[in-house]
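A quick write-up on the structure given underneath.
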């Protein structure tokens, strides 16, 4: 009897192992979350190759067309399609920012997840793959141009935002794309239309998506000791065209408008996922990841939700999209909460300050955040040339010393509100120059 039971047990284990090793069981395991995560374009191809998945996906798209979520879920066929697709590769798929078919990937992602969510929840999950890299390498590169790690007296007097502009001019790709967005965003269309905002946004997106972050971050998050430097930082994205408008819309209206566009909706969701204040971490950032927060912030530039520094205060860092909460009615509390994720966000503020100071997570003890005080705003200040120190006054006289845009082969801009120009850096630094700081010469 004992031998018979042992034989039965052995037979059962053998059959179980055989079934687990079979191709059908592997496919089944993949359908239950044991598969590697793929991007949504690839997941769509896998779904299209499987008749049950492809038919249910078509059903779901029909269910979502012109219907709200409650109406859709009341339909049994729509409900069944959702249940099947939650077990498909489409449910777990994500996208990579800047990928070749990014918009197509995001459209596929939201076609699934808009049916699975409430639709108007405060925070939405990010459709992008999580960022696992850190800022250490960028900090080390930034120190070469910012003066970090050199004589403190020299570093305090230096203009890090000016250094960042010069560093960009030394890189062909950075210089080309920066020249492009400045030319487009600073080109007056007519006396009543100061620029083509849509083209300006597109050029800005290309700059921040295609230029390495060691250049874009240094221009956007450079640390400042005086107001002139902070104004240069505020002018990085040419706010008179890309950011400001005649009137400030309500922030919830701006969010709703952003959510009608798959790309804008994705960047906003990514910002909330990576910059939402966390009080369980050292830095107040999710997973103590400054890189993820700064990357998602930069990813929103070039949309109606574009954020920027609200003034030229060098130390009290306050950023915000161009909106306010007037006219919110009974939604005022939600609107204020949304706006505070920008204006009073300790994660975002700590990340910007950490980059500007060249510090990484756990490299220095966490101290109290600087008060978010607002200095009087400098209106319609001309942008500073790249070859002058920002310690000079912000008068228009400094503009006459810079190289004109025409000399760089760009179309002239007659706008009086903003003038931006470049300096061609022709100084050759010999390999043996003492001014060059090698990457391996010390920690940032």
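All residue numbers here begin at 1 and follow the chain in the order shown.
Here the Cβ of each residue, glycine as well, is placed from N, Cα and C on the backbone.
As annotated by TrEMBL, signal peptide applies to 1-21.
Taken from TrEMBL, the feature domain 'GDNF/GAS1' applies to 40-117 (among others). Remark: secondary structure over the domain 'GDNF/GAS1' (40-117) totals 57 helix, 2 strand, 19 coil, with classes taken from DSSP.
The disulfide bond annotation in TrEMBL covers 47-53 (among others). Listed in sequence order, 46, 47, 84, 85, 88, 90 are the same-chain residues six or more apart from residue 53 (disulfide bond) with CB atoms under 8 A from its CB.
TrEMBL lists 161-241 (among others) with the feature domain 'GDNF/GAS1'. Under DSSP, the residues of the domain 'GDNF/GAS1' (161-241) split into helix, strand and coil as follows: 59 helix, 0 strand, 22 coil.
Here TrEMBL flags 161-222 (among others) as disulfide bond.
Neighbour list (residue 168 (disulfide bond), Cβ cut-off 8 Å, at least 6 residues apart, same chain): 174, 175, 178, 211, 215, 218, 219. Per TrEMBL, disulfide bond is recorded for 168-174 (among others).
Annotation source TrEMBL lists disulfide bond at 185-200 (among others).
Taking all protein chains in view, 25 other C-beta atoms sit within 10 angstroms of the C-beta of residue 241 (disulfide bond). Per TrEMBL, the feature disulfide bond maps to 195-241 (among others).
Positions annotated as disulfide bond by TrEMBL: 224-229 (among others).
Under the heading domain 'GDNF/GAS1', TrEMBL lists 251-347 (among others).
If you look up TrEMBL, you'll see 251-323 (among others) marked as disulfide bond. Around the Cβ of residue 323 (disulfide bond), the number of neighbouring Cβ atoms within 10 Å comes to 21.
The number of other Cβ atoms within 10 Å of the Cβ belonging to residue 258 (disulfide bond), over all protein chains shown, comes to 20. As annotated by TrEMBL, disulfide bond applies to 258-264 (among others).
The annotation disulfide bond is assigned in TrEMBL to 275-293 (among others).
Less than 8 angstroms from the CB of residue 285 (disulfide bond) sit 274, 275, 277, 278, 292, 293, 347, 350, 351, each of them six or more residues away in the same chain. Per TrEMBL, the feature disulfide bond maps to 285-347 (among others).
Residue 335 (disulfide bond): 22 other CB atoms within 10 A of its CB, across all protein chains. The annotation disulfide bond is assigned in TrEMBL to 325-335 (among others).
For 357 (among others), the entry in TrEMBL reads N-linked glycosylation site. Take the CB of residue 357 (N-linked glycosylation site) and look out to 10 A: across all protein chains shown you find 16 other CB atoms.
Comparing CA positions across the disulfide-bonded residues 222, 241, 251, 325, the one lying closest to residue 200 (disulfide bond) turns out to be 241. In terms of DSSP secondary structure, the domain 'GDNF/GAS1' (251-347) contains 52 helix, 7 strand, 38 coil. Counting only residues at least six positions away in the same chain, the Cβ atoms of 250, 251, 252, 332, 335, 336, 339 sit under 8 Å from the Cβ of residue 325 (disulfide bond). Close to residue 195 (disulfide bond), meaning Cα to Cα within 10 A, are none of the recorded positions out of 224, 229, 258, 323, 357. Residue 224 (disulfide bond) has 161 nearby among the disulfide-bonded residues 161, 185, 258, 264, 323, counting only those with a Cα within 10 angstroms of its own Cα. For residue 264 (disulfide bond), the count of additional Cβ atoms within 10 Å of its Cβ stands at 21 [all protein chains shown].
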